[in-house]
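Chemist: First the structure, then my questions, so here it is.
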Amino acid sequence: MDQKLSKLVEELTTSGEPRLNPEKMKELKKICKSSEEQLSRAYRLLIAQLTQEHAEIRLSAFQIVEELFVRSHQFRMLVVSNFQEFLELTLGTDPAQPLPPPREAAQRLRQATTRAVEGWNEKFGEAYKKLALGYHFLRHNKKVDFQDTNARSLAERKREEEKQKHLDKIYQERASQAEREMQEMSGEIESCLTEVESCFRLLVPFDFDPNPETESLGMASGMSDALRSSCAGQVGPCRSGTPDPRDGEQPCCSRDLPASAGHPRAGGGAQPSQTATGDPSDEDEDSDLEEFVRSHGLGSHKYTLDVELCSEGLKVQENEDNLALIHAARDTLKLIRNKFLPAVCSWIQRFTRVGTHGGCLKRAIDLKAELELVLRKYKELDIEPEGGERRRTEALGDAEEDEDDEDFVEVPEKEGYEPHIPDHLRPEYGLEAAPEKDTVVRCLRTRTRMDEEVSDPTSAAAQLRQLRDHLPPPSSASPSRALPEPQEAQKLAAERARAPVVPYGVDLHYWGQELPTAGKIVKSDSQHRFWKPSEVEEEVVNADISEMLRSRHITFAGKFEPVQHWCRAPRPDGRLCERQDRLKCPFHGKIVPRDDEGRPLDPEDRAREQRRQLQKQERPEWQDPELMRDVEAATGQDLGSSRYSGKGRGKKRRYPSLTNLKAQADTARARIGRKVFAKAAVRRVVAAMNRMDQKKHEKFSNQFNYALN
């Protein structure tokens, strides 16, 4: 009974499941009901499992405790008698002993313990004084918030509050820094916006100011807005007689028309009092308005006109007149896109994260809207040409060349003049055939250069010519140097083809020469930097060096012999292996002589083959270790693949269902750590450091100032 109880507790607590197995839990309850001794033993086993450094084991053990606590008075007495230790193991009330990993299971354990203790106090708090005191201790001393869904302790809440305060402080500092940056850069941004707006107004003389009612880029003209306002019969102050300075830059179709309330064809509405008075200035304005409307063919204010501008017509064509403006606009827009707009977006993000600096946030949002509006204008105007600066430069250069060419006067060519006479017509003109131009020029250059070198007495050509003058004239060819017969020539060619060819080396350089200084080394007895002995230094002859200058090492790998045999081991499909390896087949091992059916000819090889077949028959094909490992990884069950592993079993986990705490998370830091701190990498680093120390020791070991380090 005791062994069965221990086995049930171990299986339930090490299952790793979020819920307990109902059948095993039913058996455990049945054993605990049998006697108080078994109940006490179950309590001790559960407390032992609660001390394990694994949160999943503690969670399962607490679930068993919760099931038994509400059903047995004796079990409640055992738990309440050691209630403080129970809370430390399940709730983590001791900051020095936090709950073990994994973190998710520890969080579930803390939440379950908080709910259970609160429920136990409501049901059994009056009957068990220690339980009520423990609940009071948790609420008032440990400051456990039972309404908190995360069931955090006081220490955890303090840590999180400190962490949040630290983050708030960092965000506040960043927001203050952003505010200072905005104060410093606002003037620069405003001047940049003013500059690019001025460039746009000079490039395209339309009013591109954003309309407060719409977000268009000024596609609709101001004329339609004025007509709509006059049609609605709105009464407002007219424009003064002084013209707007911007009216001169606008076309006549987009000029704002002053509202005329006294026009007889205008819509209904109250007439202003100024109209009743016979002011001559008002009459002049009315007459000017009527004349302006009639001259443009409008005739009335009771209808509106929508002027649509083609988007293709807004693209700026680059020429010499607007080249400087386009360059300035391009530079400014590049500055906005690469510097100002990212900075403004960063300011908005910092101000939004802090929640304060409302005025700064509003100002940053306005700046962002203005910058984005400018970029949209740039995109619609398409002021950047496709050809780039190189094409513009070439065009300007061609224009300058054309201007320079205009200074010359064109003279007509003479009739019948031939600047070049073809080769086939040269005899008709009484001229000789022209030699190859390139050959003549090349020969002249070579001859001129040789003459110059010979005339220089310090040159090698002059010295060579001097030696040739002193040498006797060459004698006639000897009979031995006569041309050989065809048979001798063939024999000589065959011998030359059979003769080995070796690269040029030191041995050929000193071939047949006596080397008086070969292998001699000057040996000095004193190694001091300043004091030298007065006697003559000795010379030591090294025979190895002399031999190196007269000999050569030639590696003879032998003659290549192709493989003539096959593996001929039987394959699963019934055919024989046709690999031609020299000694060993990578699939069937050492190559041995076999007959036509694949059986080894040597009796020892045949016996070894039979033993291997018997071992293979003992293990079915479905028990392939690789296949079983794949199935185990997919199902989580142990199928015994380690028993068939040929390289050793390895260390088996005791509870494979639990989360492996030793397994590292597959993060970039962990992967880099595995590569950097691998045993082979550490050995390489240690070996390299040892070599560096050895070189330093060999170089400075005899100097006293380095010997102390």
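A Cβ is built for glycine as well, from the same backbone N, Cα and C atoms used for every other residue.
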Chemist: Name the residue range among 1-20, 301-320, 421-440 that Swiss-Prot annotates as region 'Disordered'.
Modeler: 1-20
Chemist: Which one of Ser153, Ser287, Ser475, Ser524 gets the tag phosphoserine in Swiss-Prot?
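Modeler: Among Ser153, Ser287, Ser475, Ser524, the residue Swiss-Prot annotates as phosphoserine is Ser287.
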Chemist: Test of record reading: of Ser273, Ser281, which one does Swiss-Prot tag as phosphoserine?
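Modeler: My reading of Swiss-Prot gives Ser281.
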Chemist: Of Cys360, Cys577, which one shares the Zn(2+) site with Cys567, Cys585, His588 in Swiss-Prot?
Modeler: Cys577
Chemist: Return the residue, from the listed binding-site residues Cys567, Cys577, Cys585, with the maximum count of other C-beta atoms within 10 angstroms of its C-beta.
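Modeler: Highest number of other Cβ atoms within 10 Å: Cys567.
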Chemist: Excluding near sequence neighbours, so keeping only residues 6 or more apart in the same chain, what lies with its CB under 8 A of Ser287 (phosphoserine)?
Modeler: none
Chemist: Going by DSSP, is Ser287 (phosphoserine) sitting in a helix, a strand, or coil?
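Modeler: Going by the DSSP assignment, Ser287 (phosphoserine) falls within a helical segment, counted as helix.
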Chemist: Kindly assign His588 (Zn(2+) binding site) to one of the three DSSP-derived states: helix, strand or coil.
Modeler: coil
Chemist: Could you give me the DSSP helix, strand and coil counts for the region 'Disordered' (1-20)?
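Modeler: Going through the region 'Disordered' (1-20) residue by residue, I get 12 helix, 0 strand, 8 coil.
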Chemist: Using the Cβ center of Cys567, Cys577, Cys585, His588 as the Zn(2+) site position, which other residues in that chain lie within 8 Å, going by their Cβ?
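Modeler: Other same-chain residues near the Zn(2+) site: Trp566, Arg568, Ala569, Arg579, Asp581, Phe587, Gly589, Ile591.
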Chemist: For the zinc finger (564-591), report the average pLDDT of the model, please.
Modeler: 90
